[in-house]
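Annotated features in TrEMBL:
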ACT_SITE  His276  active site, proton acceptor
BINDING   Tyr25, Arg165, His276, Arg279  glyoxylate binding site
BINDING   78-80, Ser107, Gln128, Tyr130, Thr156, Lys252, Ser274, 307-311, 330-331  FMN binding site
DOMAIN    1-379  domain 'FMN hydroxy acid dehydrogenase'
Amino acid sequence: MGKPLEIKDLKALAKRRVPKMFFDYADSGAWTESTYRANEDDFAKIKLRQRVLVDMTDRSLATSMIGQPVSMPVALSPTGLTGMQHADGEMLAAQAAEEFGVPFTLSTMSICSIEDVASVTRKPFWFQLYVMQDRDFVINLIDRAKAAKCSALVLTLDLQILGQRHKDIRNGLSAPPKFTPKHIWQMATRPGWCMKMLGTQRRTFRNIVGHAKSVTDLSSLSVWTSEQFDPRLSWNDVAWIKERWGGPLILKGILDPEDARMAVSTGADAIIVSNHGGRQLDGAMSSIGMLPRIVDAVGDKIEVHIDGGIRSGQDVLKAVALGAKGTYIGRPFLYGLGADGKRGVTTALDIIRKEMDITMALCGKRNIADVDRSILLDA
Ligand SMILES: Cc1cc2nc3c(=O)[nH]c(=O)nc-3n(C[C@H](O)[C@H](O)[C@H](O)COP(=O)(O)O)c2cc1C
């Protein structure tokens, strides 16, 4: 394959380079994957207005998300096990994002730890928090993120229990991978991935091992994660987490206007309209499908961000036109990482930036700040 020109090209490359169980982990949704598909398909249904004979010089995509400057309104989503798409994946993706001038969000369920990522970056990154039943561990995570000077806490609300993803069960997914003949074969057929993985010590959940009580080895870790996500998490918890954190707070996983209004009342800085990339409630509406209703409900009271199904700069622009102040990409950056490490993440960001820039110009706008529903047909 020649130079990757679209996110699809990076996906095809990643499929060739990443062992099946980890590629499938990224490329999967819950149950029938209908919401996963709808996230992408619903963007294609939105049509742009072509405008002509307007000045297209001096264009700018630079803006801010929660008051922090960004070179374009696209952040990297928190994704678990990123260090299994490519050795040291979180550290490489964070560096690519930093150089590009966009936020990187580190997942609680990352392979590289908060401290690992802090050691290779100069600017603050964002940290995503899953609330576990072990509250001492949660408090410690918040404090570690503060110590690492993370500049936003992204609190995920839509994973109190885990949605079922058939591919992961069939593949027997784990980190580090099991050493059964099937798993050994999947890795042996990806020698480049193996070589890099042998060159790093980071092969398990380093935010957790050595930090959470009773997690000292890997066999106890799998028990711990399946038992630890807190099914009782409530709006009251948001209050104490906000207070303990004391910095900018983003609530992730809002898909309903009623929940969006509740989110406003917490005093959070932003919400992310999200269905977890179609990985939790299959049958839920696509994120882009819900965005207008949520913007109409709370858009003047809180910053509204969105993730799910963004595969091009055109998708970002459509989301911005419908009122999103920021967007996030999950799989597009994971495919870039699996395809070509740090360079692949930069390529993913570059593809999206170019597509957004040209589309904005052809819609007759020069500045992302001027993009609104007027660039859409029948909006
Ligand atoms: C492989 C993978 C792992 C993910 N892990 C997390 C996670 O640890 N925490 C979280 O809040 N969201 C997680 N998500 C959801 C993403 O943050 C984001 O909501 C989703 O990927 C956006 O959709 P997109 O992949 O279509 O861009 C994960 C998504 C994927 C694809």
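The backbone N, Cα and C atoms fix where each Cβ goes, and this holds for glycine too.
Arg165 (glyoxylate binding site) sits 14 Å from Gly80 (FMN binding site), counting Cα to Cα. In this view, Gly330 (FMN binding site) is surrounded by 22 other Cβ atoms within 10 Å of its Cβ, with every protein chain counted. Excluding Tyr25, Arg165, His276, Arg279 themselves, the residues of that chain whose CB lies within 8 A of the CB mean position for the glyoxylate site are, in sequence, Ser28, Gly29, Ala30, Gly163, Asp168, Gly277, Gly278, Gln280. Of all residue pairs in the glyoxylate-binding list (Tyr25, Arg165, His276, Arg279), the one with the greatest Cα separation is 13 Å apart.
When Cα-Cα distances from Ile310 (FMN binding site) are compared across the recorded positions Tyr25, His276, Arg279, the shortest belongs to His276. Between the CA atoms of Gly80 (FMN binding site) and Tyr25 (glyoxylate binding site) there is a gap of 10 Å, rounded to the nearest whole number. For Gly308 (FMN binding site), the count of additional Cβ atoms within 10 Å of its Cβ stands at 35 [all protein chains shown].
Within 10 Å of the C-beta of His276 (active site, proton acceptor) there are 25 other C-beta atoms, taking all protein chains into account.
Of the candidate recorded positions, Tyr25, His276, Arg279, the one lying closest to Pro78 (FMN binding site) when CA atoms are compared is His276. Confidence across the domain 'FMN hydroxy acid dehydrogenase' (1-379), taken as the mean pLDDT and rounded to a whole number, stands at 95.
Ranked by how many other Cβ atoms sit within 10 Å of their Cβ, the binding-site residues Pro78, Gly80 place Gly80 at the bottom. Of the recorded residues, Arg279 (glyoxylate binding site) and Gln128 (FMN binding site) place their C-alpha atoms 17 Å from one another. Gly330 (FMN binding site) sits 9 Å from the residue listed as 'active site, proton acceptor', taking the C-alpha atoms as the reference points. By the rule that a residue counts when its Cβ sits under 6 Å from some atom of ligand 1, the binding-site residues Pro78, Gly80, Arg165, Gly308 yield Pro78, Gly80, Gly308.
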